[in-house]
Amino acid sequence: SISAGLDLPGRFLFATLTLMTLIAILVFIEEAVYIYRKIPSSKRSIIIWINAAAPVISTTSCIGMWVPRSTMFTNFTAGIFFALIIHKFLMMMIKECGGQKVLLRRFENGLFTISTGPCCCCCLCLPRVPITRRTIFWLKLGTFQLAVFRPVLVFLSIVLWTNGNYVLYNVSPKGPALWINCFIGALTLCALWAVGIMFRKVRILLKCKNIIPKFALYQFIVILNQLQTNIINMLATQRIIPCAPPLSSTARGSYIAQQLLIMEMFLITVISRVVYRRKYHDLEPLECVAEEPEDKQQDP
């Protein structure tokens with residue numbers, strides 16, 4: 001039992017983190033009830049899904065902290081939810097613009113800037129593409145592919161893990177872990193790129209909807225859940241994070257990552273409640289909407 005090997009400060013830390021997880025869940029439930037009552041049905045479910053990201057990641061991290069053997073399954077759950085949230089955030093931006101038809105009318109003859117992060121932020125020579133049904137379809141597909149393929153790849157990882165062929169922290173080219181993680185990383189970058197392209201176009205229009213703080217919270221979830229966790233695991237794999245008996249370096253790195261995520265996701269849950277609970281002004285009528293200054297100069 002994990003709790004049996006903990007000293008008094010360790011038990012206090014575990015209890016505090018568990019309490020933070022429970023509070024995050026309660027805050028989300030209260031926020032979901034508010035959204036269900038106050039938000040129009042067309043946007044209700046998407047906003048609830050996005051608000052659920054931090055509490056779900058906090059819960060899976062708490063379970064992984066108490067039951068170390070469940071790490072593969074908690075990562076599987078968090079990975080699926082993370083992939084869905086990226087797609088939901090793109091759909092939320094389209095919904096906040098009034099839907100796809102209204103978005104096309106607002107940005108008629110407009111252009112998407114595809115030289116944006118995380119894939120092409122340095123490729124300033126890339127051409128701008130017109131905003132059409134086809135380009136919006138490709139952006140949706142860019143996020144939807146992650147929601148489809150990531151669960152399949154993580155499920156494959158669990159199957160290989162149960163058979164002893166998949167070692168979570170083995171980065172050897174001969175093992176499947178490196179190749180599966182690289183493929184998941186490439187799919188994730190493509191999905192984030194699609195969201196970045198859409199955000200760059202609608203950020204001025206949706207300023208009255210506080211889209212910038214919402215996007216910032218979404219970015220924090222991406223960075224903390226993916227980049228921070230991977231960096232800590234890499235440090236643990238290279239023994240830079242020392243072992244602390246009875247915990248090995250990799251086990252200790254996993255504990256550190258999970259405990260940090262619980263605290264960070266708790267803060268994001270509280271901040272999300274403030275950001276998404278505000279009452280926002282409606283968008284201006286179509287005939288009064290002005291496009292971004294750069295579009296005025298470069299659009300035909």
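Placement of Cβ uses the backbone N, Cα and C atoms for every residue, glycine included.
Quick look at what TrEMBL lists:
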TRANSMEM  12-34  transmembrane segment
TRANSMEM  46-67  transmembrane segment
TRANSMEM  73-91  transmembrane segment
TRANSMEM  137-158  transmembrane segment
TRANSMEM  178-199  transmembrane segment
TRANSMEM  211-236  transmembrane segment
TRANSMEM  256-276  transmembrane segment
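Among the recorded stretches 46-67, 178-199, 256-276, the one sharing the largest number of Cβ pairs closer than 8 Å with the transmembrane segment (211-236) is 256-276. Counting same-chain residues at least six beyond the ends of the transmembrane segment (256-276), those with a Cβ under 8 angstroms from any Cβ of the stretch are 13, 17, 20-21, 23-24, 27-28, 30-31, 35, 47, 50-51, 54-55, 57-58, 61-62, 64-65, 210, 213-214, 217, 220-221, 224-225, 228-229, 232-233, 236, 241.
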